[in-house]
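Listed in Swiss-Prot:
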ACT_SITE  GLU134  active site
BINDING   CYS91, HIS133, HIS137  Fe cation binding site
Amino acid sequence: MSVLQVLHIPDERLRKVAKPVEEVNAEIQRIVDDMFETMYAEEGIGLAATQVDIHQRIIVIDVSENRDERLVLINPELLEKSGETGIEEGCLSIPKQRALVPRAEKVKIRALDRDGKPFELEADGLLAICIQHEMDHLVGKLFMDYLSPLKQQRIRQKVEKLDRLKARA
């Protein structure tokens, strides 16, 4: 397994729409494993393949405290959503920035697991929010797109400054 490079805004590759996975094979499973390794290394709770410049419909999530409840979503589809909620969300592609984002309180999805087996999942709370956040990535949408233009500009400037400082170090 290896840690992949996470793209940061304003990288336009984050805006690409991911294509469906045609076959879950050893290559896809390797990508899933690398994505988990990357997500844990970056201390995230979710990661979409788009964020690591792989434009396929793959998501990995682990919202557990012990980091031992891996969830793989390949070709996820939103079937139902209900209620309203929101938390201050962060994103590995928008480092050290957070903002309140409106989300559905509950979701029902269909996806393939790491072995290509179809399943359905009903989720609420943090897991439901994380699923929605990561599914947005698959269509090129970021949490900051829900914010006002002024807030978006401020976030972009802060991230660009952080990346410049990191490049000098």
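Just so you know, the numbers here start at 1 and follow the chain as drawn.
Yeah, the Cβs are placed from backbone N, Cα and C, and that goes for glycine too.
Remember, it's a predicted structure, so these values are computed and weren't measured experimentally.
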### Query
Between CYS91 (Fe cation binding site) and GLU134 (active site), how far is it from one CA atom to the other, in Å?
9
### Any further residue of that chain within 8 Å (Cβ to the Cβ centroid of CYS91, HIS133, HIS137) of the recorded Fe cation site
GLY46, ALA48, GLN51, GLU89, LEU92, SER93, GLU134, ASP136, LEU142, PHE143
### Query
What kind of secondary structure is GLU134 (active site) part of, going by DSSP in three states?
helix
### Query
Just counting, how many other CB atoms are there within 10 A of the CB of GLU134 (active site)?
25
### Task
Please report the number of other Cβ atoms within 10 Å of the Cβ of CYS91 (Fe cation binding site).
28
### Message
Sequence gap of 6 or more, Cβ distance under 8 Å: name the residues on the same chain that satisfy this around HIS133 (Fe cation binding site), in order along the sequence.
### Response
GLY46, GLU89, CYS91, VAL101, ARG103, PHE143
